[in-house]
Amino acid sequence: MVSLGGIARKLFGSANERRVRSYKSKIAAINALEEATKALSDEALAAKTAEFRQQLADGKTLDDLLIPAFAVAREASRRVLHMRPFDVQLTGAMILHGGAIAEMKTGEGKTLVATLAVYLNALAGKGVHVVTVNDYLAKRDAATMSKLYGFLGLTTGVIVHGLDDDQRREAYACDITYATNNELGFDYLRDNMKYDRAQMVQRGHNYAIVDEVDSILVDEARTPLIISGPLDDRSDLYNTIDAFIPLLSPEDYEIDEKQRSANFSEDGTEKLENLLRQAGLLKGESLYDIENVAIVHHINNALKAHKLFTRDKDYIVRNDEIVIIDEFTGRMMPGRRYSEGQHQALEAKEKVQIQPENQTLSSVTFQNYFRMYEKLAGMTGTASTEAEEFGNIYGLDVIEVPTNLPIQRIDEDDEVYRTGEEKFLAIITEIKAAHERGQPVLVGTTSIEKSELLAHMLRQSGFTDFQVLNARYHEQEAYIVSQAGVPGAVTIATNMAGRGTDIQLGGNVDMRLERELEGMEPGPELDAKEAAIRAEIKVLKEKALAAGGLYVIATERHESRRIDNQLRGRSGRQGDPGRSKFYLSLQDDLMRIFGSERMDSMLQKLGLKDGEAIVHPWINKALERAQKKVEARNFETRKNLLKYDDVLNDQRKVIFDQRLELMEADNIGETAADMRHEVIEALVTKHIPENAYAEQWDIAGLKAGIAQFLNLDLPVEEWAKEEGIAEDDILQRVTEAADTYAAERAERFGPEIMTYVERSVILQTIDHLWREHIVNLDHLRSVVGFRGYAQRDPLQEYKAEAFELFQSLLTNLREAVTAQLMRVELVQQEPQQPELPEMTAHHLDPVTGEDEMAQGVPAAFVPAEERDPNNPATWGRIGRNEMCPCGSGKKYKHCHGVYEQA
């Protein structure tokens with residue numbers, strides 16, 4: 001029976017179809033300009049950019065220029081790149097310009113689509129960011145497309161790992177900047193730790209087009225970007241708290257092995273409060289008062305170290321160090337450390353040397369970074385399954401763009417086996433059969449370990465003609481993936497490997513030409529070689545087509561339907577034939593999630609023998625339902641995390657905006673005076689309560705406060721004895737005395753130096769307090785979940801207490817700045833910019849947990865063991881705070897680094 005919704009869709013088309021149809025009139029208008037645009041000379045075509053910019057200056061909008069600008073960009077693409085965007089690609093570009101997500105299938109030319117929207121938006125001169133998932137793709141796309149943009153008179157920059165600030169600033173100043181999501185986020189964080197506007201590298205967040213938008217804004221968004229630096233040594237605190245845990249009895253705490261959590265009972269909390277009070281570590285009455293957030297965090301870590309972490313199972317002690325053992329592989333992981341002080345708690349437990357913990361200096365999630373752009377758009381082959389998330393979190397619509405040619409790929413029903421071994425044996429049989437008939441095969445796995453296991457089983461079966469590909473070496477993997485369409489090729493790859501590279505039947509022409517013609521001089525020999533490669537690929541493509549096109553074999557279903565669709569979408573590009581099939585077992589992760597035991601007994605009743613598979617559309621539907629449940633759960637988790645991060649984000653925006661204002665302001669004196677006046681008012685209000693008698697005034701406290709914060713010795717006692725004196729009179733006299741003293745100092749220093757001093761003091765104090773605040777919020781977040789047991793909403797509690805902590809930060813800021821400015825003395829020397837702290841960037845891969853930034857080595861970095869102390873030429877780039885390689889024992893900046901500065 002056809003539903004009413006189905007009848008309506010047949011009559012009027014779906015919302016997506018109506019949206020796509022709405023672009024038809026504009027496409028017709030662009031096509032109508034094609035002949036006239038073709039008739040222009042190269043110079044006249046390039047001159048259109050200046051003409052468009054003038055029209056914008058005269059009041060036209062980008063929307064007004066869309067039709068002529070797209071016509072110009074299309075013609076320039078035809079001349080420079082020898083590619084003419086199809087009508088469906090114009091549709092995709094209009095979706096991007098409109099600030100939405102264009103879902104375009106693999107092979108539909110997303111990179112080319114972006115150029116049209118990029119060109120139009122770059123005309124405004126505010127910068128366009130094209131965001132990719134790795135350095136290789138950023139460099140590749142920038143190198144290819146800069147020819148097109150350069151022809152049209154626009155500049156292109158690229159941001160990858162290892163660039164210095166000057167190179168980054170130059171790249172961001174270009175009309176168009178290609179960059180990875182990680183580099184953009186870290187540059188934003190680093191910029192907001194600088195002390196001078198001229199030191200910053202980014203110039204705003206105008207318009208971004210995110211390639212592989214689902215990967216960056218959904219998958220990668222589960223883990224934040226963090227910049228950390230070393231903290232002060234707190235070994236004594238860890239050792240003191242560690243000594244408390246053995247004094248507790250089993251009734252004092254509750255352990256949940258499954259959830260890996262440890263909590264204190266009421267008796268345990270009481271016992272700890274007494275111990276902490278004796279040690280002078282407890283503030284206030286209760287352990288769970290807001291002032292004790294950090295102590296609670298340390299105590300919880302100590303309890304986990306003793307009761308949840310087992311020596312020689314979770315970690316070993318080697319060479320006076322704690323070395324983590326991977327719970328899945330059983331391998332040691334030297335160099336990896338638990339975060340949030342947990343590693344230090346283990347070091348205290350085992351009585352080894354406690355290494356200083358790293359402090360988060362700054363952090364941001366991708367959700368909050370990308371929401372800063374005035375306009376955001378994205379492209380991917382698979383976004384519709386996450387449409388709700390894109391709409392809710394980013395305000396982005398997902399619009400499916402029709403393919404240029406109909407999809408001919410056959411998606412077969414899943415085959416389900418009882419065990420993983422049976423499944424892999426069936427896959428090996430299928431791979432060999434496809435290889436025999438010359439059909440290219442791409443085998444998708446969910447992890448590097450599964451890839452290695454299948455490769456091992458293939459070799460054992462006597463088959464060695466295959467490539468294994470893991471998402472680690474982007475340039476090498478791009479080449480292997482590009483050749484996976486050669487007849488008979490067998491490529492085993494993790495789902496995420498080779499993103500951004502098309503698998504073309506017969507092989508990728510461009511990749512082969514680039515690799516095989518490298519270093520050849522232009523001439524007849526090069527032309528002949530190029531013609532031979534093109535002819536060979538044409539023959540190979542015909543063979544691959546005759547064998548049925550690319551065959552995608554998936555070894556497991558992923559938690560997300562989107563990842564499965566990505567893998568399927570590798571086959572059947574641009575109307576080519578292809579096949580896809582999923583091989584599953586009841587031991588797969590997803591099957592276990594939704595009750596494989598029940599299914600196992602059911603399959604046995606059906607008489608399923610070893611090595612046999614069940615194939616039925618019902619299985620596919622059941623799996624899809626399970627995937628939808630998991631997707632919904634993951635979305636809820638991300639949404640919940642974002643609610644907490646939004647609290648920090650609102651505060652981050654206030655602090656970063658304040659910093660920017662201070663850096664750009666010509667005169668800071670007014671800000672400093674406002675802070676001073678608020679401190680004075682708070683002091684007087686605290687020690688002289690409203691409507692209190694003179695006998696109730698705390699004159700001694702007021703005098704001490706004035707000395708502490710204002711560096712003044714005022715005759716407050718005499719003032720208090722005067723007949724009819726009121727609190728307002730005291731406030732006025734203290735304010736006048738402080739203002740006079742501050743004015744004298746400003747006159748002595750001179751306006752220029754005073755402004756510099758005020759700016760430096762305020763910025764450095766903000767940074768110091770903000771770092772402490774981030775740590776406090778981290779600690780608060782780690783314990784606030786327990787409020788749920790008391791029937792209180794943890795999120796509301798977190799918001800309220802985070803606000804209290806922020807108010808406290810602002811009070812501390814005013815007091816610290818005032819106290820410092822009223823004491824600072826001028827030493828005759830050239831003012832120097834405050835040094836930035838040592839910084840390390842981290843972004844954990846949400847799937848593997850590996851630190852993506854740990855693999856990058858800064859440009860020109862030389863390992864210490866390869867440096868010759870007597871030959872500075874062998875030292876490479878050296879951090880200013882590193883020990884000098886010459887062996888003097890001094891920091892580089894105080895030794896050989898002095899010559900660089902001179």
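Here the Cβ of each residue, glycine as well, is placed from N, Cα and C on the backbone.
Among the features that Swiss-Prot reports, ATP binding site is placed at Gln89, Gly107, Glu108, Gly109, Lys110, Thr111, Asp502, with the record citing sequence analysis. Listed in sequence order, the residues of the same chain lying 6 or more apart from Gly107 (ATP binding site) and placing their CB within less than 8 Å of its CB are Asp502, Gln504, Arg573, Gln574.
Cys884 (Zn(2+) binding site) falls within neither a helix nor a strand when secondary structure is assigned with DSSP, and so counts as coil. Sequence annotations record features per position, and here Swiss-Prot assigns Zn(2+) binding site to Cys884, Cys886, Cys895, His896 based on sequence analysis.
For the recorded ATP site, residues Gln89, Gly107, Glu108, Gly109, Lys110, Thr111, Asp502 set the reference point as the centre of their Cβ atoms, and the other residues of that chain within 8 Å of it by Cβ are Met104, Thr106, Leu112, Val113. Note: the CA-CA distance between Lys110 (ATP binding site) and Cys884 (Zn(2+) binding site) rounds to 49 Å.
Its own atom aside, the Cβ of Lys110 (ATP binding site) has 24 Cβ atoms within 10 angstroms in the protein chains shown.
Within the group of binding-site residues (Gln89, Thr111), the Cβ with the highest number of other Cβ atoms inside 10 Å belongs to Gln89. All chains included, 25 other C-beta atoms sit within 10 angstroms of the C-beta of Glu108 (ATP binding site).
Here ATP is bound by Gln89, Gly107, Glu108, Gly109, Lys110, Thr111, Asp502 per the record. The longest Cα to Cα distance in that group is 17 Å. The local packing around Asp502 (ATP binding site), expressed as other Cβ atoms within 10 Å of its Cβ over all shown chains, amounts to 21.
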